[in-house]
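Take a look at the structure set out below.
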Amino acid sequence: MKLIILDRDGVINQDRDDFVKSVDEWIPVEGSMDAVAFLTQAGYTVAVATNQSGIGRKYFTVQNLTEMHAKMHRLVRQAGGEINGIWFCPHTDADNCNCRKPKPGMIEDIIGRFNAQASETWLVGDSLRDLQAIDAVGGKPALVLTGKGKKTLSQHGHELPEHTQVFDTLLDFSQYIMQENAAPQAD
């Protein structure tokens, strides 16, 4: 099982300081729909793991979130891709749950659901907490510089998990993965 987990806000869609609260505010990052399509066509299972504390803070509802995800699914399919599952944590930090990144609960659940190997699983995110969550299970962290990525690199570059790879965008990450898949494997 080849699994790639994507954070949502700042990776797939544009992030907002005041939370993405509605389908109208959910705007894809340029190239992200094509990136998911490329990963799908390269044989990867693509899942989304997203902290959505705006639900816990009562900024938007699960229904609003469902509408945003329906739009994301539709646009990804139009590009020729597939998102195989979406996991979200509705809690705030104060709830001290195990599913909110950087804790690994959501990531462990996704890896278990798809019967994947953690050591072979990528997580692409724009925040330190995304990278810490995949690192906690022994996976492969990738930082994109969209969303909060540039700020993460400048403020937390020294804290990034070892072996974190940095890409400008999700599209750049997908092209890297496709090149890796095309490279001849050593015996």
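Residue numbers in this text run from 1 along the chain shown.
Any Cβ shown, glycine's included, is placed from N, Cα and C.
For D7, the entry in Swiss-Prot reads active site, nucleophile, with the evidence type similarity to another entry. In the three-state DSSP scheme, D7 (active site, nucleophile) falls into the coil class.
Just so you know, the Cβ of D9 (active site, proton donor) picks up 23 other Cβ atoms within 10 Å once every protein chain is counted. Summarising the annotation, Swiss-Prot assigns active site, proton donor to D9.
The Mg(2+) binding site annotation in Swiss-Prot covers D7, D9, D126, and the record cites similarity to another entry as its basis.
Annotation for Q52 (substrate binding site): spatial neighbours L65, F88, C89, P90, criterion Cβ-Cβ under 8 Å with sequence separation of six or more. Positions annotated as substrate binding site by Swiss-Prot, on the basis of similarity to another entry: D7, R8, D9, D15, R16, D17, D18, F19, T50, N51, Q52, S53, R100, K101.
If you take the C-beta of C97 (Zn(2+) binding site) and look for same-chain residues 6 or more apart in sequence within under 8 angstroms, you find C89, H91, K103, G105. DSSP gives C97 (Zn(2+) binding site) a coil state; it is part of no helix or strand. As annotated by Swiss-Prot, Zn(2+) binding site applies to C89, H91, C97, C99.
A sphere of 10 angstroms centred on the C-beta of T50 (substrate binding site) encloses 24 other C-beta atoms. Taken from Swiss-Prot, the feature site 'Stabilizes the phosphoryl group' covers T50 (among others), and the record attributes it to similarity to another entry.
Marked as site 'Contributes to substrate recognition' by Swiss-Prot: R100. Non-local neighbourhood of R100 (substrate binding site): N51, S53, C89, H91, T92, D93, M106, each in the same chain, at least six residues away, with C-beta under 8 Å from its C-beta.
Cβ contacts within 10 Å of K101 (site 'Stabilizes the phosphoryl group'), excluding its own Cβ and spanning all protein chains shown: 24. The site 'Stabilizes the phosphoryl group' annotation in Swiss-Prot covers K101 (among others), and the record cites similarity to another entry as its basis.
Cβ environment of D126 (Mg(2+) binding site): D7, D9, G10, V11, D15, L143, V144, L145, T146, G147, K148, G149, T152 lie under 8 Å away, each six or more residues apart in the same chain. Sequence-distant contacts of D18 (substrate binding site), defined as residues of its own chain at least six apart whose C-beta falls under 8 angstroms from its C-beta, are absent. Around the Cβ of C99 (Zn(2+) binding site), 20 further Cβ atoms fall within 10 Å across all displayed protein chains.
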